[in-house]
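Feature annotations, reproduced from TrEMBL:
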type: DOMAIN; residues: A:72-284; note: domain 'ABC transmembrane type-1'
type: TRANSMEM; residues: A:15-42; note: transmembrane segment
type: TRANSMEM; residues: A:76-97; note: transmembrane segment
type: TRANSMEM; residues: A:109-129; note: transmembrane segment
type: TRANSMEM; residues: A:159-182; note: transmembrane segment
type: TRANSMEM; residues: A:211-231; note: transmembrane segment
type: TRANSMEM; residues: A:268-286; note: transmembrane segment
């Protein structure tokens with residue numbers, strides 16, 4: 001082993017000084033809590049009395065818990081709808097915007113703007129837009145087409161699709177990522193394809209999609225992780241209803257932990273969510289291997 | 001390195017061009033419509049919003065709605081809470097993350113790669129996993145009911161911001177570091193004199209992304225705060241209708257608009273950094 005010089009020691013000391021805030025936070029607020037959360041998931045703990053070790057009984061209970069399955073299934077239903085629709089909408093807009101058109105940067109701004117506001121205000125806005133009686137959507141449907149609009153957030157069948165629809169107007173941030181990826185694509189391939197007489201759609205399918213496939217994969221994974229953790233919209237608009245049909249996974253976890261104070265059970269729920277996210281991410285990475293191309297690295 | 005010509009399909013038939021414009025500008029109307037409707041509703045009377053058939057624009061602009069909401073709820077208080085809370089946490093997260101990012105990008109130390117691996121892996125962990133032990137810790141410390149559980153962790157950086165800033169630092173030439181070293185400066189000089197001034201765009205980008213999530217966040221305040229005077233605007237707004245019987249949609253939309261207005265204003269003045277931030281985080285995947 002080579003002897004370390006004074007300068008190297010000094011550099012190493014600075015390194016630790018610079019990462020100290022992160023490192024302390026990692027121990028206190030991330031790493032430590034992860035371990036404690038795992039331990040808690042094997043206990044019964046109501047905050048007042050001390051935790052009681054119960055082995056894997058929380059997990060066994062979860063697998064028999066009907067509300068667990070209900071919340072898991074509505075969350076997966078939401079994810080399966082929201083992620084592909086968001087990806088598709090934002091990709092289509094990005095591809096259209098990537099043409100030489102007047103007002104390109106203004107359009108980009110306008111498409112992007114709605115996605116920066118989210119949460120409570122937007123949830124109220126959508127619950128008003130889709131209000132079955134006085135909402136603008138149903139009013140237009142009735143006044144212009146004579147159609148009696150659906151109950152949207154107030155009916156079991158349409159509550160999740162309504163949440164997906166609300167999510168679509170936030171596609172702007174995904175769109176911006178796609179647009180950046182599209183703008184870095186090499187022109188020569190497209191020129192070659194044009195000489196061969198390829199149509200616009202063929203070029204899109206055979207050149208664009210393969211070349212931006214890593215970006216599609218990235219957005220899918222990020223979108224999926226976000227969708228699985230949906231909470232605010234349901235908390236503000238539906239309170240999990242009607243009939244538990246928007247009682248998303250994190251909502252159930254929130255109630256378990258902070259309404260019922262069953263910290264052990266809630267920790268087990270959190271770990272199942274973590275494992276689910278981890279597994280789905282691995283599956284996406286592994287399952288997409290055949291379709292994702294990394295040859296054209298645009299750096 | 002030869003400059004790469006990027007693909008930009010330009011020449012198309014006029015018919016296609018018309019379709020393109022209709023789709024894009026039509027689409028933008030759909031995307032922007034909800035915000036327009038928020039504004040329109042906020043300026044109507046309660047009778048107008050229940051009128052059949054509905055009207056697209058308010059008859060007379062009811063600016064008094066905006067006065068009313070500040071009387072009905074301590075909206076000014078909520079806004080102030082959000083402003084100082086966001087300002088403190090954003091500054092704290094960005095500065096401490098910049099420090100860590102500098103160390104990971106520039107300083108040699110044993111175990112540095114392993115530690116950066118930890119940063120990356122914590123980015124993947126859903127916050128619900130750490131939520132409960134954090135809550136228990138803050139309860140033990142008697143911090144619940146105050147802003148401490150929301151503010152203190154911000155002083156310990158965020159893995160996502162570290163990642164983002166490190167990407168940026170890696171793009172800054174190391175020759176400047178050498179110049180500092182030759183002049184006898186240490187790592188602190190390097191950080192404060194060179195990297196901070198050069199990475200203003202990265203700071204702005206990171207700050208804006210953090211600001212959006214802090215301003216919109218409901219979950220954290222919902223768990224830790226219980227005194228209405230301490231509510232940030234997200235939580236205050238969520239409880240806004242509690243004071244009324246039937247929902248007064250015009251007032252609710254006015255309050256919602258007030259709640260998102262600061263974010264929208266910042267967006268229109270600094271949109272370059274917003275878009276840059278999204279692009280940096282997305283294209284490195």
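Cβ atoms here come from the backbone N, Cα and C positions, even for glycine.
Below 8 angstroms of C-beta separation, residues 93, 97, 135-137, 153, 162, 165-166, 169-173, 175-176, 232-233, 236-237 of the same chain, each at least six residues beyond the ends of the transmembrane segment (A:109-129), sit close to that stretch. Non-local neighbours of the transmembrane segment (A:268-286) in the same chain are 37-38, 41, 58-59, 62, 68, 217, 220-221, 224-225, 228-229, 249-250, 252-253, 256; each lies 6+ residues outside the stretch with a CB under 8 Å from one of its CB atoms. Just going by CB pairs under 8 A, the stretch in A:15-42, A:76-97, A:211-231 that sits most against the transmembrane segment (A:159-182) is A:76-97. Long-range contacts of the transmembrane segment (A:76-97) within its own chain (CB-CB distance under 8 A, at least 6 residues past either end) are made by residues 104, 107-108, 111, 160-161, 163-164, 167-168, 170-172, 174-179, 182, 204, 208, 216, 219-220, 223-224, 227-228, 230, 248. Listed by sequence, the residues of this chain that lie at least six past the ends of the transmembrane segment (A:211-231) yet keep a Cβ under 8 A from its Cβ atoms are 75, 78-79, 82-83, 86-87, 90-91, 163, 167, 174, 177-178, 181-182, 185, 189, 248-251, 254, 273, 276-277, 280-281, 284-285, 288, 291-294, 296.
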